[in-house]
């Protein structure tokens, strides 16, 4: 809600209140975030290297998975190192420019995540429902083109949000944000100037965010219908097993994000700060385990990479 008429000013920075004020809890969270960040970077980098190094994994599904692993590393790197550094230095203030930069990359990488998950669902839909036409429809050129459009469009969408946020003024030179990163949702809530344009664009962004989810649901409804028509139980199990990893990641990601953001900004609570950890930190950390542990080809390639590394050392 806009607070026009109050003492409007250009913020010089923002005070990130974080998750807790308890020093003991902060220490525990520091080590927890550090461990999760290292596991996220190591796991997703391993997935990326495995796909790059094994010709058997040079398929559309793994091409999108490699992109997903890369964006997950970028996503967490945009948030966690700054959080850890603020704990070490004791500085909870983030500069205005740094805040908007962090917000830009957060929105951009989140959009890339959603579009990639939709592209992977579309790939599984064509593979199961139209297996004979799969290689004709899902070509390498289409995959590269889709990935390029996803990255470019996500960057442009995020740029619009950032430019609109830059025009806002606040009621304090250093407003307080009840979060551990710069969230566009909460910045709008803190603004003293007119945020109606920002809210309209944010609503459009929500629609863009939900659209891939609808595509994913449609794809899996059609997949389920096709799978249940397979006469043998072994055939049905094999078809479902090719989708289970992706479906698990979709539920983890969309389940938490939609639960938090498909609401008016005024309803955002401090409890939601904890919930955001799920999709900003936990989900990117779990993705490599979900895809590698449930996939025979990926497990073999990762094992080979480990063996090669141990032999060279």
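Just so you know, glycine gets a Cβ as well, placed from its N, Cα and C.
Any TrEMBL annotation is an automated prediction that lacks curation.
Per TrEMBL, these features apply:
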type	residues	note
TRANSMEM	28-51	transmembrane segment
DOMAIN	43-291	domain 'G-protein coupled receptors family 1 profile'
TRANSMEM	63-84	transmembrane segment
TRANSMEM	104-122	transmembrane segment
TRANSMEM	142-164	transmembrane segment
TRANSMEM	197-218	transmembrane segment
TRANSMEM	239-262	transmembrane segment
TRANSMEM	274-293	transmembrane segment
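In this chain, the transmembrane segment (239-262) lies out of contact with the transmembrane segment (28-51); the count of Cβ pairs under 8 Å, excluding pairs fewer than 6 apart in sequence, is fewer than 3. For the transmembrane segment (274-293), same-chain residues at least 6 beyond its ends with a Cβ under 8 Å from one of its own Cβ atoms are 19, 33, 36-37, 39-40, 43-44, 46-47, 50, 65, 68-69, 72-73, 75-76, 79-80, 179, 181, 183, 245, 248-249, 252-253, 256-257, 259-260, 299, 302.
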